[in-house]
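Structure first, commentary second.
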Amino acid sequence: MQTSSEPAASETAALLGKPLADRVMRGVRADLKAWAQLDPPFEPQLVSVLASDDEASQVYVQSKAKRAKKLGVAFRVVDLGAAATQEALEQTLRELSADPAVHGIVLELPLAAGLDADAALLHIAARKDIEGLSPANLALIAAGREPEALLPPTPRSVRFLLRHALGDDLRGLRVAVIGPGRTVGRPLLFMLNNKGATVTLCNEHTRDLAAVLAAQDAVVVAVGKAGLLRPEQVQPEHVVIDAGINVQESGDMVGDALPELPVRAQTPVPGGVGPLTSALMYQNLVRGVKLQRGEPVDD
């Protein structure tokens, strides 16, 4: 079951992703070690597909490569460049999906201008879609059938952290999600609803945001706009989960919320959502591989 391995809840003012990621990775390493000891040894392969010059995507790819090397997962990048055509992108995804040597595929978003991500995601095999963004996986989530899906790692990371801060039972809690994007906001809306939370969906243009947020127990921000969430918009009892990533000219990475907001708890950027997201992606890889190999998979 996708949620059975989620860490137990505990209140904390410093919502760091690494301690939770370490718990997830212990299980991932155990499976990878067992495969490495087979005769012949089995090593899963993860492929990251780029079709843009987006700086944040480059950061994510570098992070994935480092983690894969440490784990013993084969990793390669297919960089089609910002000038890639829709046809070339879709053909690449079809070929990777059909390749038995490839076990996980990540399409790095956003794509270059003119490319259709929704159309491209249709060409990733559901069991290789370790980012959980294909229509097949998202439809299962929206239908409340999470155990059958590969859940998107970033929104799942957000939900982990909310449960860690507010308790395992999210029923009745009020959560504002700022940013209705494909990778975080949209799937998170359904994933929180599946756990009984009451979700208010906002965007960067929401009027009188402070008034909208006042009644919430938690605020999730995932727009991709540095400094979007400010002190005057939050309440002392809020838990703030910052899923934004913005690379400044200096090369520093910052979130969508200003740091050290006057709230009950907040995730830092970097160090909050990111480490846990990476761990959950590899957990999805392991689960997807088991489905592909016909091995038993926990519901």
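Note that the numbers count up from 1, one per residue, in the order the chain is shown.
Cβ from N, Cα, C; glycine included.
Under the heading NADP(+) binding site, Swiss-Prot lists GLY179, PRO180, GLY181, ILE245. The Cβ of PRO180 (NADP(+) binding site) has 15 neighbouring Cβ atoms from other residues within 10 Å, across all protein chains displayed. In the three-state DSSP scheme, PRO180 (NADP(+) binding site) is classed as coil.
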Neighbourhood of GLY181 (NADP(+) binding site) by C-beta distance under 8 A, where only residues 6 or more apart in the same chain count: ALA222, VAL223, GLY224
Greatest inter-residue Cα distance in Å for the NADP(+)-binding set GLY179, PRO180, GLY181, ILE245: 15
Local Cβ density at GLY179 (NADP(+) binding site) - other Cβ atoms counted within 10 Å: 23
For ILE245 (NADP(+) binding site): intrachain residues, at least 6 apart, with Cβ closer than 8 Å: ALA56, VAL59, TYR60, GLY224, MET253, GLY255, VAL269, GLY274
